Structure formats: structure tokens, C-alpha cells
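Everything below concerns the one structure shown next.
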Amino acid sequence: AQLRYSVPEDREPGTSVSDLAKDLGVEVRSLAARNLRLVSEGGQRHFQVDLAAGMLLLDSRLDRETLCGQSLTCSLHLQLVMENPLQLHRVEVDVLDVNDNAPQFPKPEVVLEITEVANPGTRLPLEVAEDPDMGSNSISTYELSPSQHFALSINVRGDGVKMPEIVLEKALDREKVAVHHLTLTALDGGNPVKSGTAKVTIHVLDANDNPPVCDPPISKVYLEENVPVGTLVAKLNVTDLDEGPNGDMEYSFKISNNSPGKFIKLFSLHPRTGEIRTKDPLDYEESSAYEIAVRVRDKGSPAMEGHCHLRVELIDINDNSPEIVLTSLSSPVLEDATLGTVIALIGVKDDDSGDNGQVRLQIAKELPFKLVSSFKEHFSLVTNGPLDREKASGYNITVRAVDSGSPQRATQKTFYLQIADVNDNAPNFSSPFDTAHVQENAFPGTSVFSVSASDPDEGSNAKLTYSILHNGMQDVPISTYFRIDQDNGTIYTVRALDYEQDKVFQVPVEVKDAGSPALSSTAVVHVFVLDENDNAPTIVYPSVPTGSAFHQTIPALAEPGYLVTKIVAIDADSGHNAWLSYQLQETAEALPFHVERRSGEIRVAQALRESEDPHRLVVEVRDNGTPSLSTSVVLVISPEENSVQDFSKSLDLPKSSPMDTNLTLYLIISLVSISLVSCVMFAVVAARCL
């Protein structure tokens, strides 16, 4: 927004200029919180802001003439910057002129000469009085003290300056009055009126009675500011009706306090021809016009002079490149910033005028930003698309300013905008399902597996913490079996595992970042317990107390191949660790029996002798593990004459074929069953996770 105020130049410091809080439409108590600050263009501080009252106050006494000189308008430009949200307001304060200066002539006494043969109507130019005030407070008119021979005439110059001249109304007679004393008074238009005076002494001379005359007395020329040095500006047209030395003229610049002589550095005047040429480069931005006063004096005795006034107005050329000013930049900006968020405030200026000073700003179209014109020569850079720090962590934004001159002039400025991270990405595991193996009976604290997750965010939003969830699938909480390092995701055992109790565990792992709000994801690690040979075989039949022997009678005439009994054993381990073999321990003498290695059947190996004593056999059952574990049973076999029995009934075992006695087949069937159960479990877990 743009605010405009006015204040007279003579006000004391602390004078209230405006109620900023009311004009801005904000509450007074919010000004301090929004860090309202005042920026003066040009670096001079003339105003201050009372944050407690919300008022714009004068900081120093203003002098319009010092600030703006002879400019018709006098404006001071300020910028008000507020944050949260970031806003820029342009303030323009017009300094009003006060009639605080009286007119003053360059010299308190002016001496003029006029020939006695001068005709009525002859004009004698006078010095123009100076009044630093402007408008109605500047010089309004001139007055001349009463005289029988002279009157006052006032001409208006091209720039509006009133030029007094004394006009001869009645012929002079030097012999009667050789010197005339007059008083010239300059009056301004203020209220009350102020004035200044100068004494005018006119000496009446004899002889040369025709002064040089400019035609026209006031002229104007237009000149481009980039013309080369030595360019002809104008050739003055001056005539003198006299002849000889009285008509021979010499030209010179006329300098007064009202017409500063800085044009002398830029222009040259030929004293004989009256040609005015440039002698230094011109600059429209330094001054757009020059008032040149020329005095033309003849060589008569006494010499007579005329005055020419030439106004040189420069035509602006596009010789200045635009200037980009970065007023404010909000960096970094959050990646979730909404469309239209103000990123930067940018000002632009061009010292040229007209189309040459009209500037437009451009940025690359592929950037997610756009420029919005706030007011004249001020722009806001706002977001025009979504930001994603994971794709672009920052932008080098190049702002290009191009004017409308011909040829165009351009400049550019590049600044870096950092994008701040927002926790908008959940951590991701490298795999949602993983498989690990661990030996049973491994020591607590054994490393089982390491899960790994990544998060494209940064800082605390990417700091990951791992934990184990309770999935409810085990009767005992999974945390009693495993723990996880929250920093690196390594899973350790909490206690020794027993394959015979639990063959597989599902360990649900959650990874969570440290953002706000925190985001997380899960994965499942299937931990398979590997069997160890930690169980010795157990003899199921015959069931004999420890330290006792099993007694078995057989017919005394039993032939070789006769089935004496069968040792039945089992092993809690699995796989190779559960493969059992049976053998007889060696004795000093050969026994008439042998045991089937796989089935455990004890048969008669050779014919028995009559009246043979009982035989003591030690049967050892050994598994296939590493190292191998074993157990044994003692059998006492007694041959008897009348012992006829059905062994299958005595054992209360079903009759079996040779295939039924093959323990290897049982083991294969067990392995296949365990595999099928595992596949079904995996399918159920996968379905639940999906």
C-alpha cells in the first residue's frame, strides 16, 4: 500500500505527522510484535515512529529549501516494513512551503547607465531578486519608487521567473539631471508579505544611443543529452543600429546568484560571433534544463548592452541501466509454504525518464516463483508452485530488469534461496520382510540381524529410532526373546532360544523419525531357530528304571532270525540330529544275537545251545548329531524250554512290515510336514501384512 501525508516545513521535532496504526488498519499493540521499522530513502532520517502510540513523528526540523531547492514539489519517500506477515508500505510526505524567507537582491545597490539620447521605451534590465520559498511564497511582483522619467516593467521568463526592467517613459536631459536615484522593492506572495529592496542609481550618458537588441530576447532550444562536445547549441541573433565601434558587439555570459553559473562548465560562447557550443558532456539526470544569460555590449562610448536569455532543454537518452534493490529476503523458506507466500521484496529504479525509465522485472519461467507488482517500482517475489526440499534444497534466483528504452538496457541480480525441511517423508525399510537365522542355545546378546531404513528428510526429521512391536502372535511378549538397538537397528537375543519350544519368531520392527509429528513404518523379520544336538535319545520301550535291566525270555530252540524284542527310542532334536542308530556294545565273548541298526529289532543270530545261561546285552542308541549323543539299555535274555510266546503281543506292538520299521521314512515325513507348516505360516503373515 502507499500512504501520503503533508507537513509544513517549520514544525518542531516531535510534531505528529499521522496516525500510522489507524491508516495501516492495525492495532497499536501489534506494531512492536510485527517489528515495524522505518526506512528512509537516501539515508537521511527525518522521521521516527512512536510504536507505543502508533504515530509518525518528526525527528528533526525540516527546511524545504535545503531539502528540495527550487523544485516545485518537495516529497520525502519512506518505507514501512512489518513482519509476520512481511509487508512493505510506501509513505510519501510532502513538505509544504512556509513563507520564512524574504526576497533579497544579489547586490544592495545597482548602478545603471543610459544615454541621454535614449528614446522613450528604452529598457534597462535589473538583477532578479532571490526568494528560496516556492509557490505563492516566492516573489510575486516588483515595485519602483515614483519617478518622472522611469517606470517599472515586469517580464516572465520561460521558467516562470519574473524579470524586472526599468523603462524610460520620458526623454532625458543630462544637463538638467545627470543622476537618478530610485528604490526597487521585491514583494513575495506570502501572508504576511515579505519584501527586499535595492538602491538603483542611473547615470545619464551622452553619445552612443542604440543598444544591442536580441531577437527574440528569450528563446528555447532542445538538445539530446548525448551530443558530442563542440555541438552548436544556438547562434544568437543580435542587432545594433549604430555604426562603427558603436555597432561592434562583444558577447559574454551573465552570471547572477539567481542563475547559477554551472552552465559555464558545459557551454562556451564565442565573444565575436555569439555562437554557443557544448564544451563538456551533458547529463539529463544531473539537470534537465539550463538557463543561459548572455550580455551583449557594444564598443561605443559609453558602451551600451543588451541581454539575451536562452533556455536549453535536454532530451533524455537511454544511457542508464536499471538498478535492482533487494529490500528484504525471507530465507530459508519451509518446503510446505502455501502458494502466494512472500519470499522477497524487490525495488527497482532507473535514472532515465519516460519510457527509458519504465522497468519490468523477469525471472526464469521454470522456477516455482513469480513476481507480483506491489506498487510503482516495487515488486514481491511469491511462491507459484509446490516446493520439495528433497528435489531441490535451494534455488539461485536471477532477477532481470529491462527498461523500455531503445535500445533496451538491462541488468540482473542473483540471490540464493534456501528451502527448509519439513517432515513430509516417512522412513522406508530396504525390505518389508527379512529372514534371519540363529542357533539355539546362543548366548544372550547374540547379534541376529540388522535392519536398515532411510529417510530423505534431513536433520531431526531424518534421525531414526528403531523399536520392536508386540504383534500378539506369541503367548509371551516378543521383547522377552529379542531386543533391538534403537540407533543402528541391530537385533539381539535376550535369552537363549530352544528350538524344541519355538522354531520360528516373527519380529515386527518399527522405525520412527524425530520429526513433529513423527512418521514411521514397519517391517517383519522372520527369525528361524537352528537346531543343535542338545538332546540325547530317549528309550521309550522297554521302559526300564535307571540302573535296572529288562528281562526277556525266549524259546530255547529259537532259530536264527527269531525276533527277541524291539528297542524303540525317540530324539527331541530334528533333522540329522534325530536320526537314530542301534548297536550292541562289544563284550568279551560273542553273543548269539544282533540288533538291526535302523529299526532296533533284536534277533537271534545263531542257534542256541541247550541249557544255555541267560545272556546280558547292552544296546546303545546313538543319534547322528555333532557331537553325537547316546543312551543305552540293559537286556537280560533267558532261553527256556517251554517258553512259547507271541512277541508282538507281549510287546503290545502292532505287527509291522519291514517298511514300517524304517525310522528314516518317519524322519522324512516329519521334515515335509514341518516345511508345509512353515509355508502356511508365511502365507498367513504375508496376507496380514498386506
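The backbone N, Cα and C atoms fix where each Cβ goes, and this holds for glycine too.
Pulled from TrEMBL, these are the features on record:
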- 6-105: domain 'Cadherin' (DOMAIN)
- 106-214: domain 'Cadherin' (DOMAIN)
- 215-324: domain 'Cadherin' (DOMAIN)
- 325-429: domain 'Cadherin' (DOMAIN)
- 430-539: domain 'Cadherin' (DOMAIN)
- 546-656: domain 'Cadherin' (DOMAIN)
- 663-687: transmembrane segment (TRANSMEM)
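Long-range contacts of the transmembrane segment (663-687) within the same chain, counting only residues at least 6 positions beyond its ends with a Cβ under 8 Å from a Cβ of the stretch, are 433, 503-504, 506, 524, 526, 574-575, 578-580, 598-599. As a quick check, the domain 'Cadherin' (430-539) and the domain 'Cadherin' (546-656) clear the bar of 3 or more Cβ pairs under 8 A, pairs 6 or more apart, so the two touch. The residues of the domain 'Cadherin' (106-214), classed with DSSP into helix (H, G, I), strand (E, B) and coil, number 3 helix, 54 strand, 52 coil.
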